[in-house]
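Before any comments, here is the structure.
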Amino acid sequence: REGQQGRERERNERGFSCYRFHFFSVTSSKFVPSLSRLCRRHKFLREDQPQYDPMETKDMMMTSMFTMDKGENDEERDKEREEEVSNGFNPSAPQSPREEPGTAACSGGTAPAPGGSTSSPMPLGGLRTLVVQQTSLDRPRETWSKKMDFLLSVIGYAVDLGNVWRFPYVCYQNGGGAFLLPYLLMAVFGGVPLFYMELALGQFHRSGCISIWKHICPIFKGIGFAICIIALYIAFYYNTIMAWALYYLLSSFRPTLPWTTCTNSWNTANCNSYMSTDHNVSWSNSSTSPAEEFYTRHVLQVHLSPGLHQLGSVSWQLALCLLFIFTIVYFSIWKGVKTSGKVVWVTATFPYLVLLILLVRGATLPGAWRGVVFYLKPDWEKLLTTTVWIDAAAQIFFSLGPGFGVLLAFASYNPFHNNCYKDALITSSVNCLTSFLSGFVIFTVLGYMAEMRQQEVDAVAKDAGPSLLFIIYAEAIANMPAATFFAIIFFLMIIMLGLDSTFAGLEGVITAMLDEFPQLLAKRREWFVFGLVCVCYLGALSTLTYGGAFVVKLFEEYATGPAVITVVLLEVIAVSWFYGTNRFCNDIQLMLGFYPGCFWRVCWVAICPCFLLFIIISFLAFPPEVKLFNYHYPQWTTVLGYCIGVSSFICVPAYMVFHLLTAKGTFKQRLLKSITPVPSCNDHRDFIVTNAV
């Protein structure tokens, strides 16, 4: 915007040492021709040089033009060089075939043009260089504020409620300490390679689980839609468990915990109340504890529902608790990873503090050693059974959580050259160690309960899943000194473990949809997140009924497990066999500077597909017997569960058919195009230098 006279005056007074123009245009088709004309007017380009083609460049450009006067001193020249480097221009590179940087090859107001020609005059004052910085027309992609935000988010996602209740139960059920051998083998050869693969894919292509497939194998794009549907199913039931924990938390703010007595309105004649000081209480197989009746008859109220065929009405108390949970979720993720990355500093670290407190407290309880022995005593004969290896594979897979679109989404917000290899090893190791630590926290308390009831540990630890937390552990806490304090921090821990996973699961869906439909949703993120949270809340209403616990169990067993394992199997096949392991490894080398070793390549090509296929076949060969409390699921519920699972997976073949029908050309051309990846845009290339004179 400087006038011509002002520029002439500055040139005369200051020796025309430095000036800069900034050009900006939203539509590059209008901008590029005008830039060319401007450059010719100021002698940056010769008249015989070609015009820019606006159809080839659909990017915004910022231009920075520098001039150096011949009489500038070294200090001013060094200062300008630093300014040039900060704008993406490397002054060490030759600016023309016959010039070196910093030479003001001007004599009498002229300078040699590229190629040695001296016919084209240069402006007075010295050399001018045009540096074109090229960025995308799209909005710049959001990034993590700190590296630790990313690590805590991934750890918070991987370390969830399953680490606390599922791993200890599976461990002692499959040989105690002997189970650690198949668990570690499955982690090394199956879980960690899948974890590493998803982080690398997301970081390189910088896309969510839907749009990333055009860069890998377009015909498999249905995998992304299937992942989003699975994430919705998980949100329907997973947050209900946090609503139960919130109800327990609110009930804990009283001197006497309500699940310690049998004098409440919901108790039955079989209720057998005892404290750690009671020694005259006889425990029989028909006895029920106050904690069990509080959970089943007061919180869940399952006695009012005969089964899935008659769920009953919605519990308004749980509906309010779930509404509060989703309110927290919304205001934690509505602005993106900038806000959720701050929240996880609390939600991901607080559970570890509570686990350490509970571990120290549990280790000092009488009978704690019985639980630890039961937890770790190896039974090597069980390693000869297939069930142990199936459980180990399933546990490590669902613990690390590849295939849910979360790792792709989180890694897509990383800097391009972030060391995702080290991140994968750190977060997966923390996850496995947390599972192992949780076993001590749980079984020291189970040993204490067995000591109090004068029973064996296996009789006390007969329940798995939420019942282990809301009945057994809640009862043990009620018998501790300072029971109110331990109850509050324990259920706060349960809520925060669940919140991390909910943040991650919904962020995977949000990132996928915003990347797939940027024109529609990019500027409406807050409204889209609000709509998504409302859909999840409405979908979860069936789990808040009197028979809602039966719905939660059905979703957990059928809606997510088999479907997501099958989806990940197809994902590994698409990346390793269609996209190509060599191409994928070259991408990693471009990002990290080193080529993945032979171990990782073999795992991605052969071991991981066999690992996932083993889990799928075992699930089909040995379908789980679904039972909750005294309710055995009828046969029609099994069919219903498989239909729910297939409803998400059906997106994969449906999109394949749709893609082949809508593509142009012969069938062979359509098929070839459907498996040919579209190169990713090189967002990591910060600048280009063009027509340097």
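Placement of Cβ uses the backbone N, Cα and C atoms for every residue, glycine included.
What TrEMBL records for this protein:
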type	residues	note
BINDING	G156, A158, V159, N163, S399, N431, L497, D500, S501	Na(+) binding site
DISULFID	C262-C271	disulfide bond
REGION	70-124	region 'Disordered'
TRANSMEM	150-168	transmembrane segment
TRANSMEM	180-201	transmembrane segment
TRANSMEM	222-250	transmembrane segment
TRANSMEM	314-331	transmembrane segment
TRANSMEM	343-369	transmembrane segment
TRANSMEM	389-413	transmembrane segment
TRANSMEM	425-450	transmembrane segment
TRANSMEM	470-497	transmembrane segment
TRANSMEM	527-552	transmembrane segment
TRANSMEM	558-579	transmembrane segment
TRANSMEM	599-619	transmembrane segment
TRANSMEM	639-661	transmembrane segment
Counting other C-beta atoms within 10 angstroms, the emptiest spot among the binding-site residues S399, S501 is S399
Using a 10 Å radius on the Cβ of C262 (disulfide bond), the other Cβ atoms enclosed count 17
Exercise for the section: For the transmembrane segment (639-661) and the transmembrane segment (314-331), check the count of CB pairs under 8 Å (sequence separation 6 or more) and say whether it reaches 3 or more. Expected result: no
Rounding to whole Å, the Cα atoms of C271 (disulfide bond) and L497 (Na(+) binding site) are apart by 31
Within 10 A of the CB of G156 (Na(+) binding site), the number of other CB atoms across every chain shown is 26
When each of the recorded positions V159, C271, L497 is scored by other CB atoms within 10 A, the minimum falls on C271
Here the Cα-Cα span from S399 (Na(+) binding site) to C262 (disulfide bond), rounded to a whole number of angstrom, reaches 37
Surrounding the recorded Na(+) site, with Cβ no more than 8 Å from the Cβ centroid of G156, A158, V159, N163, S399, N431, L497, D500, S501 and those residues left out, we find I155, Y157, D160, G162, G401, T434
Notebook entry, point to check: Any contact between the transmembrane segment (222-250) and the transmembrane segment (389-413), i.e. 3 or more CB pairs below 8 Å with pairs at least 6 residues apart?
Noted result: yes
Would you call the transmembrane segment (343-369) and the transmembrane segment (558-579) in contact, using three or more Cβ pairs under 8 Å, pairs 6 or more apart in sequence? no
Rounded Cα distance, in Å, between V159 (Na(+) binding site) and C262 (disulfide bond) is 35
Whole-number Å distance separating the Cα atoms of C262 (disulfide bond) and G156 (Na(+) binding site) is 38
Maximum Cβ pairs under 8 Å to the transmembrane segment (180-201) among 150-168, 314-331, 389-413, 470-497, 558-579 is reached by 389-413
Ranked by Cβ pairs within a distance under 8 Å of the transmembrane segment (389-413), the first of 150-168, 470-497, 599-619 is 150-168
Per the Cβ under 8 Å criterion, with at least 6 residues separating them from its ends, the transmembrane segment (558-579) contacts 194, 197, 201, 213, 216-217, 220, 223, 226-227, 230, 233-234, 237, 394, 397-398, 402-404, 604-605, 608-609, 612-613, 615-616, 619-620, 638, 640-642, 644-646, 648-649, 652, 675, 677
Same-chain residues at least 6 beyond the ends of the transmembrane segment (425-450) with CB under 8 Å of its CB atoms are 151, 154-155, 158-159, 163-165, 167-168, 171-172, 180, 183-184, 187, 191-192, 195-196, 352, 355, 358-359, 362-363, 365-375, 396, 399-400, 456-457, 459-461, 468, 472-473, 475-476, 479
